[in-house]
Amino acid sequence: MDATEWIEAFVRGLMCLLGILGNNWLCLRSLPGPKSSLRTNEVLFINLAVSNLITNYLVDLPDTMADFVGHWFLGEAYCCVVQFCSDLSETSSVFSTLFISVFWYQKLVGSLKRGGAPVQLDSLRLIACLLAGSWTVAVLFSVPQLLFLRVDSGNESHDDCLEIFPSQTARQTYEPLYLTFANALPIAGIAFASIQIVITLLRNQTRIQGLTSDHHNGTANSLPNNGPSVVHSSISSPLYQVEIGDSIVRAPPDLKRSSQPPAKPSPGSGTQVRAAKSVVAVATVFVVCWVIHLLLMMASNIHTSSLALELASYIGSSYTCIIPYIFLYGVKKLSCSCRG
């Protein structure tokens, strides 16, 4: 191996290690405590972590070992297993990210607009059905990998695990369906949910600024300024009365309301906002990585290029090793507080 190959192997190994650590940590930190029940967001995070760990252990780790050895050495049978697990985990991870994006959008809206009211995806039964459906779709699109893969031996020292379709018609049928239903549609849903989260956050920020401005203006103009007089205030009736010397000035009830501080969101809104922002960050990383990944894969299908396939593999792996840390930071579980 030359210096470039050693660097590539080292980078892949580092990404694999970061992915294993991050996704295991996300899975462990999402498990419910001894006195708490399993919640929807925890189920979604665990499912995402498991999907990514399939990639980390069964795909990235063998690929890393093959990079250090210099060729595929695990045989044709495991070649099929690796590619099957790769498509299975990628598809499941895509759908998990979609469900997480939609869930936190619903929670954000429920927290800011409805005072933390329950949302549709709070139902564990609904989430179980959605996850079962996503895994079914992932298996259906991954089964062809068990049929169309073999180890290509260009020479004795450089065996590669490649996808060889029986005919061009089979390739042209499978790939558009896979790209549309397992990639394009979920990615569009993730992008849409993320845009809605951003719009909701901006509108809420504008509303809070408007309420704060109205509160300050109302407080400043609530009392008449008739010169230096001693002011005593009391609330003795539905009207708000202010005693100025020997006279009493009464204000209508809406003046009393205008001097009160603006309504605050529900107590958990800060947590919802932080988590929603982390979802937007993950969605941004996800969309960028997967769009580039898909473009490279399509380019390699049009014109076979080992460089394009290698870049697509690296970019796909970068997603699984980055997002667990963003989610852990967003839900304030990146660190572990051990108290006696």
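In case you wondered, yes, glycine gets a Cβ from its N, Cα and C as well.
No curator has checked TrEMBL annotations; they are predicted automatically.
The domain 'G-protein coupled receptors family 1 profile' annotation in TrEMBL covers 23-327.
TrEMBL lists 124-143 (among others) with the feature transmembrane segment.
Under 8 Å from some Cβ of the transmembrane segment (177-202) lie the Cβ atoms of residues 87, 90-91, 94-95, 97-98, 101-102, 104-105, 108-109, 112, 137-138, 141, 273, 276-277, 279-280, 283-284, 286-287, 290-291, 294, 298, all in the same chain and six or more residues away from its ends. The transmembrane segment annotation in TrEMBL covers 177-202 (among others).
Residues annotated as region 'Disordered' in TrEMBL: 213-232.
What TrEMBL records for 279-299 (among others) is transmembrane segment. Counting residues 6+ beyond its ends, the transmembrane segment (279-299) has Cβ neighbours under 8 Å at 94, 97, 100-101, 104-105, 179, 183, 187, 190-191, 193-194, 197-198, 305, 308-309, 311-312, 315-316, 318-319, 322-323, 326-327, 330 in the same chain.
The transmembrane segment annotation in TrEMBL covers 311-331 (among others). With a threshold of 8 Å between CB atoms, the same-chain residues lying at least 6 positions outside the transmembrane segment (311-331) that come near it are 11-12, 15-16, 18-19, 22-23, 25-26, 29, 41, 45, 48-49, 52, 55-56, 60, 63, 90, 93, 97, 100, 271, 274-275, 277-279, 281-282, 285-286, 289-290, 292-293, 296-297, 300.
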